[in-house]
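Got these off TrEMBL a minute ago, pasting:
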- 70-89: transmembrane segment (TRANSMEM)
- 70-201: domain 'EamA' (DOMAIN)
- 101-119: transmembrane segment (TRANSMEM)
- 131-151: transmembrane segment (TRANSMEM)
- 157-178: transmembrane segment (TRANSMEM)
- 185-205: transmembrane segment (TRANSMEM)
- 223-352: domain 'EamA' (DOMAIN)
- 225-243: transmembrane segment (TRANSMEM)
- 255-274: transmembrane segment (TRANSMEM)
- 286-303: transmembrane segment (TRANSMEM)
- 315-333: transmembrane segment (TRANSMEM)
- 339-357: transmembrane segment (TRANSMEM)
Amino acid sequence: MRPLDETGVAKRQESGLPLMDISSPGFRQEPAAAEVVETPGPGGCWQCPSSPCGSRAQQEAEKKAPCPGLGLFYTLLSAFLFSVGSLFVKKVQDIHAVEISAFRCVFQMLIIIPCLIYRKTGFIGPKGQRIYLLLRGVLGSNAMILLYYAYQLTSLADATVISFSCPVFTSIIACIFLKEKYSPWDALFTAFTITGVILIVRPPFLFGSEVAETDKDYSVHVKGALVALAHAVFAAITLVILRKIGTSVDYMLSIWYYVIIGLIECVIVLSILGEWRLPHCGVDRLFLILIGMFGLGGQMFLAKALQIEKAGPVALMKTMDVVFAFIFQIIFFNDMPSWWTVGGSLCVIASSTGAAIRKWCHSTK
């Protein structure tokens, strides 16, 4: 899954492709090419759409129009790449999650620095927004580390599903700090998400002590579920901060703070824990490279999808992350999810889907 990766809403986007998950509220979509079919071509005019010049303009616009469903295909491809990256994180069990996060930060930093130089945005940002950028970097990097740690502790499906509760926490935190409206529908979606998380965690005080006794790894499972839930909360706070910043800061600059602060934090934590080491196995080194590549590819395809498709359908298609997580867990780990996990997944997906449909309906009014 993704830090901040890796959820059902979309971030604001400036020119160029962002290199991080862009699932935060308030995403400003660019008009698709199909919306400018009235523009006349060379030799055309506005008053004669039926004339030859108008026909040429329409033909040129049709050539520029994106293929129907292309945005959804990009979203599906993005979900697949993110899921494959999560699979590699799960495979690399001998390397600490913090070190995996550090390698990803290094990989993204090599891409971000040339972009900032080309865009001439600087590396510090506006004076009044630096505190928000620092908070965004700290909380975003923590969310990434927690997600990777959750993948290593619990099953791929459980961690992915719980991470999808991020939009619910975003609505609550935005209501508290940004004074945004919290409707009864939001309360219903919150209840569905909480129900889904409870079904996945299965606390003994609700399901009986035999649940913990029959599962020897139950304590590790609970720890992983709580870590994934913490990731969702940190990611939600990060999205609210990005909404607060708005378009006053270049998007690449916010990614720069996330990458550089994340790398510094990872180095400090690894030095304290004494866990900094290169993997001895060549396969693990390959996995570390692929985690960065697939994560970056997933972010780029998600950004491309949001350029040509509305945020609502993209958020709905993004739930394919959960489907891929279930498939990979069964195929590569021979771990069949329990009915409790399936029921909890349906509750969380229903919540995310309902929130996406509601926002989509409001945006089309």
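Start at 1 and count along the chain as shown; that gives each residue its number.
For all residues, glycine too, the Cβ spot is worked out from N, Cα and C.
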Using DSSP, how many residues in the domain 'EamA' (223-352) fall into helix, strand and coil?
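For the domain 'EamA' (223-352), the helix, strand and coil counts are 112 helix, 0 strand, 18 coil.
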For a three-state summary based on DSSP, what are the helix, strand and coil counts in the domain 'EamA' (70-201)?
110 helix, 0 strand, 22 coil
